[in-house]
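Engineer: The NADP(+) binding site annotation in TrEMBL covers D:Arg48, D:Lys54. The FMN binding site annotation in TrEMBL covers D:Arg125, D:Ser126, D:Ser127, D:Asn241, D:Ala242, D:Gly285, D:Lys300, D:Pro301, D:Thr302, D:Ser303, D:Ser304, D:Arg326.
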4 protein chains.
Amino acid sequence: MSINSFGHLFRVTTWGESHGPALGATVDGCPPGVEIDEAFIQQWMDKRKPGQNKYTTQRREADEVRILSGVFEGKTTGTPIQLMIENTDQRSKDYGDIAEKFRPGHADITYWQKYGIRDYRGGGRSSARETAARVAAGGLARAALAKLVPGIEIKGYMTRMGAHEIDRDAFDWGQIDQNPFWVPDAKAAQTWAEYLDGLRKSGSSVGAVIEIVARNVPAGLGAPIYGKLDTDLAAAMMSINAVKGVEIGEGMSAAMLTGELNADEIAMGPDGPEYSSNHAGGILGGISTGQDVVVRFAVKPTSSILQTRKTITKSGQEAEIITKGRHDPCVGIRAVPVGEAMMACVILDHLLLDRGQTGGVRGPIG
Amino acid sequence: MSINSFGHLFRVTTWGESHGPALGATVDGCPPGVEIDEAFIQQWMDKRKPGQNKYTTQRREADEVRILSGVFEGKTTGTPIQLMIENTDQRSKDYGDIAEKFRPGHADITYWQKYGIRDYRGGGRSSARETAARVAAGGLARAALAKLVPGIEIKGYMTRMGAHEIDRDAFDWGQIDQNPFWVPDAKAAQTWAEYLDGLRKSGSSVGAVIEIVARNVPAGLGAPIYGKLDTDLAAAMMSINAVKGVEIGEGMSAAMLTGELNADEIAMGPDGPEYSSNHAGGILGGISTGQDVVVRFAVKPTSSILQTRKTITKSGQEAEIITKGRHDPCVGIRAVPVGEAMMACVILDHLLLDRGQTGGVRGPIG
Amino acid sequence: MSINSFGHLFRVTTWGESHGPALGATVDGCPPGVEIDEAFIQQWMDKRKPGQNKYTTQRREADEVRILSGVFEGKTTGTPIQLMIENTDQRSKDYGDIAEKFRPGHADITYWQKYGIRDYRGGGRSSARETAARVAAGGLARAALAKLVPGIEIKGYMTRMGAHEIDRDAFDWGQIDQNPFWVPDAKAAQTWAEYLDGLRKSGSSVGAVIEIVARNVPAGLGAPIYGKLDTDLAAAMMSINAVKGVEIGEGMSAAMLTGELNADEIAMGPDGPEYSSNHAGGILGGISTGQDVVVRFAVKPTSSILQTRKTITKSGQEAEIITKGRHDPCVGIRAVPVGEAMMACVILDHLLLDRGQTGGVRGPIG
Amino acid sequence: MSINSFGHLFRVTTWGESHGPALGATVDGCPPGVEIDEAFIQQWMDKRKPGQNKYTTQRREADEVRILSGVFEGKTTGTPIQLMIENTDQRSKDYGDIAEKFRPGHADITYWQKYGIRDYRGGGRSSARETAARVAAGGLARAALAKLVPGIEIKGYMTRMGAHEIDRDAFDWGQIDQNPFWVPDAKAAQTWAEYLDGLRKSGSSVGAVIEIVARNVPAGLGAPIYGKLDTDLAAAMMSINAVKGVEIGEGMSAAMLTGELNADEIAMGPDGPEYSSNHAGGILGGISTGQDVVVRFAVKPTSSILQTRKTITKSGQEAEIITKGRHDPCVGIRAVPVGEAMMACVILDHLLLDRGQTGGVRGPIG
């Protein structure tokens, strides 16, 4: 059991602090023979990279991944893959004030209470910078999935920023990559830009909801009872910094439905079962149905804001704090590639687990 | 790695099917010296037991727990504890129809697709009957917690049934045990009773939201990054049958808040830090703060309903199905003790993990 | 992580004490569709069962296994399998003396020191009775292996009892099942019978070496670096009560060889690589070669003897002890089926793990 | 479950190949507040470092460890610690021949059979170079142990090289660090030097036995049944390259003893129980007794020798091979610090596990 690890057979251990020399992911259990190079992973890193526009932290990091092991002549060998990202823009002088004061809404106080020591520079291990390592591992998982499940697609986007929700009727996949918010709606993108700009200038921040969809996931993935596909996805998403809620398919709204509205009816299509709807989010009894796997999660607003907040110091004195570092007014934006990475890792993991456990047995239908 | 297990140091493996001879929980890692007997566990079993009123399945099960190992002269010995519950009212003739047809919204089809074989009697392993084993393990966890954390309290209740939500202003702890819905509001209890009675008579079902609160949890529990307290709680709750969403503290609504509204301010109280609010749900950076730990989850409506639904058979024929067995019109009711049990197990597990990992080190404040 | 469990994907958790109501194995991860019934498992149980001749403990146990879950219509379903064995001949009055005194060479003192409580009746959890659960799980593993690796054979035998070693030149597979010692040599069987009879009558006991061979194991099993096939076999065998040493292939004697004598040369046979010898014991770099997998382990003499030994009491008083219970003069005899069971479990586990991790990829030779 | 990892709570994942850019250990679960720096770890690295005398491989590696995470202001923070060692002397031209031919006694053929791809340069992942990462992790474990168990000592030495065994009567702790073989006997050191020199010149190699002793280990460590202290030590040592046998205390010789000779009698000393002998090797029922923990393991002779051996090529052709790289005539020499490192990691791991599981409960004696 390794606490900084996740996954059963595709196992990712992340390491590193916000202001240390480097951080990375030690990935064990990647299948052999997967074509991979640093450039392939880099494209996903670049999606998460800070400082790309005024809506994300102005910290400048190249976020360049180096593969230090487990790949030979362009292919994975089945041995552990070390993905290292050196920190280049650490500028730790920004963080002097928080050595003594605990930022409200941050892990500062709980790390101190748990460990009796904390690397306060930029939040140390609790910084969202840790998610760079997840994205690197996710890039690797995508490469393996591409080999093992041709046609699989994993895509994330924002569905809410603060008070603003997308219009599902205007949903446009083509828009997602066209705006800094990964929002599938050109009009929303414009509204959100103005909204966030205002928040940013006032030194405030706001929360968001992100939805991740995986298409063409084979039926049969998921390990009941405590390694259900939805269980592992819930854990994966909840482990991302600032996440406070996770939903599968209909999510919390399922509580408002009756049985006849909620249960997706089944018909027989040319390639197997077809469903009348997808309230289930592609998962029944913890096992994938072959429909789109749909996960949603809520990210709370960044707690590091330019407004004065009450707190205490290590010595127990009451104090006020303004967090002056370079922060994200809506950290949810950069959570989109992180959520995608976690989805990729979880699905690959269950693919390996399923072929181990069942040998890919499938009960025939029809 | 064991798929029917959860927990790091307090590790619970459940086993058994709805209509097999017995089911149970193999609990490994319970600390030695905990006073326990069958009667103590039974009180929690009785809370979940079916057939207690007209709002839950009419299956009659005594749900009597037997302790087969790990307890000597009334105390745990540190060795594995086998908690077995024999099935008495199996009446499997009710389930003949579902041997061939897949019930919409059920795991019937995915178990078949994954394993190529399924125990269709009452849903087999995917039946909510499995949660009896969790409640037994939760009873044991409560006994251990009572010894290790005097004053700890774990309590669940319903906050929503279908369209009906509780009035937070009328919240009354004293009411929770006074009605069949564990709803903390006498007036709501009455309204819900009428509402559910109507649904039951029409052969329908409805979803629910359950909230579980743990009080007097010490600060410092939780294992960043992938064994965060909230990560493990999300997994624990999502693993419960029919759960589609999990929230910590503010939950999905955190997406709608600004940074200054969301982050709980900190002051210095006589016994340590005090917080102005609890949007965090008692967890920061995955580690408990000492505030109430608050988890909420949504349970979808039972898919086994007395209304005709379209589906297919194993041989791929389209068909209609009415599920005639004895089912819960609102399975969320019986999810309350299950959620409590999962909370108890997760907190105990993290208590053990924390003392292993840090030795219970705490950074002093003040 | 579960301390009373072993295996990665085929995961066995044993539970139960020597003198409790029952003991058993909770087996998670058995592939679906394996034909199994209680009679199949019983045949291996009977091999280990006490009281079959004068050379093993006179405790009478039917050791009847009941399958309580995970099997439907004669086949495994992929869900956890509970194998329960009720204790029938507990006769705990025999053990009164050891409640206060620690038996030298036994776990009495260490369980007390670790847990502050112990079930002293028959050694409680530390009794060799726990191995009955392993044998049950091993029977299940054999059934799964028979389906997945036709032709696989797992066989154990004794190669040493005290001062007496087998004559390798007289090795006769056919003799193994013909004598109470599982010794592959009719002449040795006779000599050993006289030798052990003498020891038994004098109230003494003696150690033994057991060798387990697995034939027709496919090449490619084993998970470097820390789940090597030999690593997991070493752990599996060392976990058996009273085992003090484990060897693979040449074992400890490899230290005496030179490189040219030790390394098995490779030639090309009609069905693939062939080796000139098997010093490696069928494992190179932790991965099976396709040769026979050969493991040997030493079992110390039973410490419960009828001779007076010096010890102390719980209250720290020096004392003498004679252990009068019903014990095995050579516990190594009954360790043979236990070693076979562990071999079966480990090989099945690695088979599942390998197909999960590599998909059964094999580099072609020739 | 991570295959390149070991440990329950102190969890070490090693990564890296012989001829890649770097290798290392990702260590998760080190307790917070342990004083550590690179120099402390380096002293153990230097013990294992190649090229120090003519008896070990002439590969020149600085083996400099860099701590990339988890340490702040000279102390561990409780977060993962990345220990990286860059490879400097890779000289891969030496290894051209083995790209096509499988070296007898090596993992070349099995890695190929398992993964269908292998990094043949210097053996890739199967190279003994991987043990550098273990020694780094072991250095960290020693630092943590020094804080948690004052007085603990872990020391390894050779007891056999080929035909030569040490004279137990001449055992001298002071000699161990005085010769290149870590042999506790000055006279043996001289004999062995001549012996090995001859073997080296003839291009041969030889096996060895190493013994590791841990003193002042507290009673109560070890997790029955499948995480026994001896079980985990057996796995740890067997996972080291070239190890073919592992013994605890009396080891394989226990098979030759009678019960009255083997079981260590117990008396009451001023500080607790005292034992008349230590056949048990400090472990009863898988739990430490407080006596010296004694483990022994046999290392086979290096298979890379300068003598012609028969083998086959990837394309199935029979061939001859002489391995010309820079190798160890007795790889057992460098296994001494590796065995010490594994002992340190396993004991620390069980210390953490025990305090998690039992809270350090101890049954009082006297």
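Each Cβ is built from the backbone N, Cα and C atoms, and glycine gets one as well.
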Engineer: Mind pulling out which binding-site residues among D:Arg48, D:Ala242, D:Thr302 sit under 8 Å from chain A, Cβ to Cβ?
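Structural biologist: From D:Arg48, D:Ala242, D:Thr302, flagged as close to A: nothing.
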Engineer: Just how many other Cβ atoms lie inside 10 Å of the Cβ on D:Ala242 (FMN binding site)?
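Structural biologist: I count 22 other Cβ atoms within 10 Å of it.
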Engineer: Would you mind pulling the DSSP three-state label for D:Arg125 (FMN binding site)?
Structural biologist: helix
Engineer: Using DSSP with the three-state reduction, classify D:Ser304 (FMN binding site) as helix, strand or coil.
Structural biologist: coil
Engineer: For the binding-site residues D:Lys54, D:Ser127, D:Lys300, which ones lie near chain C, with a CB less than 8 A from one of its CB atoms?
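Structural biologist: The binding-site residues close to chain C are D:Lys300.
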Engineer: Among all protein chains shown, how many Cβ atoms are found within 10 Å of the Cβ of D:Lys300 (FMN binding site), not counting that one?
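Structural biologist: 31, counting other Cβ atoms within 10 Å of D:Lys300 (FMN binding site).
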Engineer: So if I draw a 10 Å sphere around the Cβ of D:Ser127 (FMN binding site), how many other Cβ atoms end up inside it?
Structural biologist: 21
Engineer: Counting Cβ atoms within 10 Å across all protein chains shown, which of the binding-site residues D:Arg48, D:Lys54, D:Arg125 comes out on top?
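Structural biologist: Sorting the candidates by Cβ neighbours within 10 Å, the top entry is D:Arg125.
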Engineer: Would you kindly give the Cα-Cα distance separating D:Lys54 (NADP(+) binding site) and D:Lys300 (FMN binding site), rounded to the nearest Å?
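Structural biologist: Their Cα atoms are separated by 19 Å.
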Engineer: Work out how many Å separate D:Arg48 (NADP(+) binding site) and D:Arg125 (FMN binding site) at their Cα atoms, rounded off.
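Structural biologist: Per the Cα atoms, D:Arg48 (NADP(+) binding site) and D:Arg125 (FMN binding site) stand 18 Å apart.
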Engineer: Select the closest residue to D:Lys54 (NADP(+) binding site) from the following binding-site residues, measuring between CA atoms: D:Arg125, D:Ser127, D:Ala242, D:Thr302.
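Structural biologist: Nearest candidate: D:Thr302.
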Engineer: Which state, by DSSP, holds D:Arg48 (NADP(+) binding site): helix, strand or coil?
Structural biologist: helix
Engineer: Counting across all protein chains present, how many other Cβ atoms fall within 10 Å of the Cβ of D:Thr302 (FMN binding site)?
Structural biologist: 27
